[in-house]
């Protein structure tokens, strides 16, 4: 579950957004969209690994792709890595999006916000392969950080919104869904917590699967850093890393 | 001869390497990576009388060569630990050291009395050094008389030897160790985390929801070594050393400082295989250093290191 993966490419695809392609036999263990890998980028600073979700899994090529935002020390260091270098990768970890929630001919709505967009790519790919009709809504802060619109468009109708209106519709993903009256059997989402909360409120009686983000320590469930509460209990909890990161709406307190 | 076997009060260890409390849960997560029977012992997550949720998130923040945590002793409570976690761990050939915590002396005593009777619990680790809870924890670990009183009370009811986990957040750790020795402790474990904090540059707010947290990892290794060096020469209790250990070389350094066994904590989050790797790396390192048995390393640095060097 831990290997040194070779960097095939590591390139900027939007402002501060990088696409990293890695190769090793570890890829053959990667199957479920929404799972993540825990990546070591430096020996001592930062000390801990970086949890990064899988964006694309390509078993034939033996490669996987991760899309990340160079923001803090770790991801900035990662953005400087060159093809040919290796990365210490642990994974795949966590429980991804349940594909079995839908059968052929049913409709999925995929909603991504910012750097929460990447795991929806592999999800869209696998849903379409299963014959599911996919509609995609992507929300970004501004035009400069929009990515993967065309790639998603190959799987289904794709809408883009920006918070400042510089690209696509002005507003949030929830505005797009309302404006176009988008309907679905199952909704899958990944993005900032306010977005997930808004979706949960917008569709209180529908089947929603939400991918959460939290600061992690171990990534395997041992350190209790990334817990979240379970409704109606003082002591019950779920761990984002090992029980999630994908939860059914209502399963945990957002 | 097993060159790594170590005998400590209550503990016959096949090797002196064990996961530190709070960094290994109750073992289930790492059992997916390797057979836990390879470990010398396991220090399980702190157990309290009632289940605890712990602190709000974020619970971790990073620092150069280290990390801050403020978990807040989240655990399922002693009933569940006795009914589910310890029986599950019994499938492995590994002694358990049960870390116990509480808000009052009575709570520590009750947990100690019950958990020390579990068949695979071979020793207790008295947690008087958790910096992340409002009541109990470190409150018992900063005044020697208070620590001594608690040690006595727990010793009286425990069916197994009692090790006391020392906090580095004290002015005089030797005075603390001596008071605990006189109170009848069987051993010491040291060090727990150092109290620290980080602040977000953009928001000016503390990164940890708990504001402060415990610093661990390689950053604290020199402090742990210094404290073990001081305490081990002032008391006759065996010491299980911890604080930033990542490699077999680190283990030997802790033994030289005065430890008789060691625990590995934060390094698990970087490499789940750290314990088996260190156990594998120790015999060749002993060969390289010309040392027959690891126990010979304990305290080799004392007397300014004049008796230390015997390398090949």
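Just so it is clear, glycine is given a Cβ too, placed from its N, Cα and C backbone atoms.
As written in TrEMBL, here are the features:
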- A:1-99: domain 'FAD-binding FR-type' (DOMAIN)
- A:50, A:51, A:52, A:53, A:67, A:68, A:69, A:74, A:75: FAD binding site (BINDING)
- A:218, A:223, A:226, A:241: [2Fe-2S] cluster binding site (BINDING)
For residue A:75 (FAD binding site), the three-state class that DSSP assigns: helix
FAD site shell beyond A:50, A:51, A:52, A:53, A:67, A:68, A:69, A:74, A:75, criterion: Cβ within 8 Å of Cβ centroid: A:39, A:66, A:78, A:115
Listed binding-site residues (A:50, A:67, A:69, A:223) that sit near chain B [CB under 8 A]: A:223
Proximal residue to residue A:223 ([2Fe-2S] cluster binding site) among binding-site residues A:52, A:69, A:75 (C-alpha distance): A:52
Fewest Cβ neighbours within 10 Å, where candidates are the binding-site residues A:52, A:218, A:223, A:226, A:241: A:52
Where residue A:67 (FAD binding site) sits in the secondary structure, as DSSP reduces it to three classes: strand
Those residues of the chain, 6+ apart, with a Cβ under 8 Å from that of residue A:67 (FAD binding site): A:13, A:17, A:18, A:19, A:20, A:55, A:115, A:117, A:118, A:121, A:147, A:148
Which same-chain residues, if any, lie at least 6 apart from residue A:75 (FAD binding site) yet have Cβ under 8 Å of it: A:18, A:41, A:50, A:68, A:69
Secondary structure composition of the domain 'FAD-binding FR-type' (A:1-99) [DSSP: H/G/I, E/B, coil]: 13 helix, 48 strand, 38 coil
The one of A:50, A:69 whose CB sees the fewest other CB atoms within 10 Å, among these binding-site residues: A:69
Integer Å distance between the CA atoms belonging to residue A:241 ([2Fe-2S] cluster binding site) and residue A:52 (FAD binding site): 11
